[in-house]
Amino acid sequence: MAAGEDAGSAVSAETAGQHAVSVLLAFGKCLGALLPVYLAGYFGLSLSFVVIGLMVYLGWRQHRDGKQARLNTAMYAQENERDFTTGRLYRSRRDLPAWVNFPDVEKVEWLNKILQQAWPFVGQYLEKLLVETIAPTIRGTSPHLQTFSFTKVDLGDKAMKVVGVKAHTEHDKRQVLLDLYISYAGNVEINVEVKKYFCKAGVKGIQLHGKLRVILEPLIGDVPLVGAITMFFIRRPKLDINWTGLTNLLDIPGVSAVSDTMVMDAIASFLVLPNRLTVPLVADLHVAQLRSPLPRGIVRIHLLEAENLAPKDNFMKGMIAGKSDPYAVLRVGTQAFTSHHVDNNLNPQWREMYEVIVHEVPGQELEVEVFDKDPDQDDFLGRVKLDLGLVKKARVLDEWFTLKDAPSGKVHLRLEWLSLLPSAERLTEVLQRNQNITVSSKTADPPSAAILTVYLDRAQYLPMKKGNKDPSPMVQLSVQDTTKESRTTYGTNNPVWEDAFTFFIQDPRKQDLDIQVKDDDRSLTLGTLSIPLSRLLSSAELNMDQWFQLDSSGPASRISLNVIMRVLWLNEEPTSPVSPEPSSPFPGDGEDGVISEITTGGASVSPTPTRPEKTSPDSSFATEGVLRIHLVEAQNLVAKDNFMGGMVKGKSDPYVKIRVGGLTFKSRVIKENLNPVWNELYEVILTTLPGQEVQFDLYDKDVDQDDFLGRFKLSLSDLISAQYTDQWYTLNDVEKGRVHMKMEWLPKVSDPSRLEQIMRYQSQQSYANKAVPSAAILFVYVERAHGLPLKKSGKEPVAGAELSIKNTSYRTKLADRSTSPCWDETFSFLIHDPSDEMLTIRLFHSWGQPLGAVVVAVKEMLAEPELVLDRWLTLDGALPESQILIRAELRLLDSKLENSGEGTNSSGEVEHMIPRAEPEPAANQEIRQRSVQGGGQAEASGRGQVKLSIAYSTKENRLVITVHACRNLTACSKDGSDPYVSFLLQPDKNRSTKRKTSVKKRDLNPEFNERFDFDLSLEESTHRRLDLSVKNSVSFMSREKELIGKLLLDLNQLDLKAGVSQWFDLTEESS
């Protein structure tokens, strides 16, 4: 009993203590509230100071309570999504989650469960990152922040949610595009403290809502299947932050908007278009091109006029109605333009033109806001938002748009979608059109004929600053009056920028790209470069990707650029007159009031233009290439067919599997042969994606399981840069064996006069697998059809197109139900004989009922300009008006081996030049063909041959000689020879340039592959003579012959800068 009484008295004492503390706290709060009044009276201040302070406090309190209420509501909505959605279903479409608004948006509850389960561990990682990494960094930035610390890091228990995912796979087959609708209403709490100044601040509660676009590209044929992940917000997300501590001041009305805007600006600087966050997953990616890809297109905006605007300039408190002084502000992402204002006019005419870059469609939108110009604050007259995907579909949209959030008013816009063409064939027509626009328009800037994108990669060997100090280089790029700057790379003369810049070009025939590399203080110029844009017009696909030598710089200073031009082409066809009214009866037009559909007469129609004359394919159309693979032979393979437990050695039955671009080729099996000769040809159409490889696997064919004989891989980018290679490749993962391959990335030409020589070369080739080399590649773009017949039931068809040439056929996707379907799909075919092959296009309803067909003879395209057919074709077996719009481009495959016999010797063996002396990036390597010096067969001299690579490396300022191999050497004894190569560069009195290779025992076809460097200038190298001997390694007392053959070669006969790699005949010493 006594113990119970003691416990009860202790509890009552604790309760009394808590009550006393609460009374003291309430008393302290009252004193704190009265303190400002007392201080105002004490210092004789006006009562207005107290009133203003009270108003600020009340405003802060109301704003703070509103934020907290919104946060609590958002948390409730996330936790009780089903009840919340049901309760609001008939109130407002705007409040529904994305998966209810848009049926093609899918719920991903499984992903949200993963996020919820992992959220505590995300919090642990964030706490470790802030405390161990970010806090020390902040403390080191200023002596005033040496006591800075994070006192609390708690992400709370409310995980971020993905309320919907929409996948786009119809735009580009080389990527996957996802739209993630992000919603985060979290009870996160992060507090910081600077103890030195008794300063505490923090955040308690954050809301973030927006649409995050995630792009998985490029898709590659190897693990992890995706080359990189790129993410960004198309529009600024909605942000709401609850501040604590001293940052409570940021919740004061007015200040709150500024603070949230500053935070959003920081987010937008790297996560809102045109900024992107790119995470590469594989090596050798062009990160700058992923971070800043070529635009989807350009929209030319003609701001023409407005009518019936609201009058805002009223006098005598509205008793006398005035007018307005309207002007317009146009925005697309971060691009903004302001028109001139028209005085005292409710029906202004602007007649101005603007051009904007469109990075993402669907998604990006045009926002036009109209204001009345006033001396103090401009009055709002209305706005209109338009999804630019609508402009891309319509090509030309010339409409009156009703202003929203205003009592009256319309604005007249003409919007034109400009496609990006990778050739200059239509440049003259574009320039002529632009002259007419310039005459009829009042805009100060003339219309653009092209855009120029410059990918600034890196520079090398820039000059040093005074005192031999490393510079901090940055680059200024200028086109006419427009100048842009790169970021600064500090303390290096080999900077890497990986930046991208885009310019509008009025006339590429007359304009230049000027580049200046400067130190960060802009006073010291490290190098200059001027590139006339007319050079691009003669480049393949208007693209120059190479190293450029810098002027006014060091002797070896150079800069790596990828300069791409695209001609702006408009399919100018008038659209049907429509009224741009939102089709939805709900208050939210599409997404946030954005016009995403056009209606006429109350019925929703698609804003397609009337019968375009030409197609408008994507800029990536017809960019694929053809890789020709010639599997020749193999040598010295591993014997796998052993008998009696390995006591009796057998051979192997080898075959090869070739994997490239998702395809697999399999050679025939050669029975019981360790040195098989296949002589088989394969061809594959490939897109030049980074990270692709060609993989070769050798196996021994067995009854049960095939045995592994080795493998090797080749980088596709290296093969493309080399154009042609003819090499032996050593097998990996086995003890021995090598394979002889000839591979060529075939150049594409549009000169029909080359066809006869191509066909002649084709007829001379013979391969064991009966393959015939392709003479051309045909690219086909199927855009749309018109006037297709109805189904037997009278309904519109669900149309698809099937394209076929001989045994190769492809199908488009099934279009939406329509008699004028649109596909926008591309296909490619290998053509062996253009005079004999036919392209057949058949249209079907759901791959059943025929809707018509058309046949195009490939030989007819040889008479078309630039070998391009681009027009409407009438369908047979359909209605008289049934037609299909296609673009077909024929490109001849002009192999280097067929050019005037160059590259082959009398034995038919192809030789090539590989400048190994100066290893370059894959995109800049050059492998050139050369014929064998001496012209005869290897046995012609009787002494054999030696293969050398001789080149001068301007990068290393040295002469490089590589001894590759010898062949058909003479035997110096009955056991053969033990050859090695010895040489020196004459004149050399001290024999300081003498070098020799290792010795190869009992081998008349030895391989050395040894490199020797000489520190000589280019001029000095040209005055040297190579004195080379192939010798037999013998003992001092041996009677065997030592010298096998000699080679004397004057280096001034060679192009040392380009490099030479070939077989040289050996001669006797007397020669």
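Just so it is clear, glycine is given a Cβ too, placed from its N, Cα and C backbone atoms.
TrEMBL entries are annotated by machine, without manual review.
For 597-608, the entry in TrEMBL reads compositional bias 'Polar residues'.
Here the domain 'SMP-LTD' (104-282) returns a mean pLDDT of 77 for the predicted model. What TrEMBL lists as domain 'SMP-LTD' is 104-282.
Feature annotation from TrEMBL assigns domain 'C2' to 281-401 (among others).
According to TrEMBL, the feature domain 'C2' maps to 433-560 (among others).
Residues or ranges marked as domain 'C2' in TrEMBL: 607-729 (among others). Mapped onto DSSP classes, the domain 'C2' (607-729) shows 10 helix, 57 strand, 56 coil.
The domain 'C2' annotation in TrEMBL covers 751-877 (among others).
Look at TrEMBL and you will find 942-1064 (among others) tagged as domain 'C2'.
What TrEMBL records for 574-620 (among others) is region 'Disordered'.
The feature region 'Disordered' is assigned by TrEMBL to 921-940 (among others).
The transmembrane segment annotation in TrEMBL covers 37-60 (among others).
Beyond the transmembrane segment (214-234), the same-chain residues lying 6 or more positions past its ends with a Cβ under 8 Å from any Cβ of the stretch are 172, 174-180, 267-268, 271-273, 275-282, 285, 287, 290-291, 333, 360, 363-364, 659-662, 689-693. The transmembrane segment annotation in TrEMBL covers 214-234 (among others).
Counting Cβ pairs under 8 Å to the domain 'C2' (281-401), the top-ranked stretch among 433-560, 607-729, 751-877, 942-1064 is 433-560. For the domain 'C2' (942-1064), the DSSP counts in helix, strand and coil order read 8 helix, 60 strand, 55 coil.
Each residue in the domain 'C2' (281-401) gets a DSSP state, and the totals come to 12 helix, 57 strand, 52 coil.
According to DSSP, the domain 'C2' (433-560) comprises 15 helix, 61 strand, 52 coil. Helix, strand and coil content of the domain 'C2' (751-877), in residues and according to DSSP, is 21 helix, 57 strand, 49 coil.
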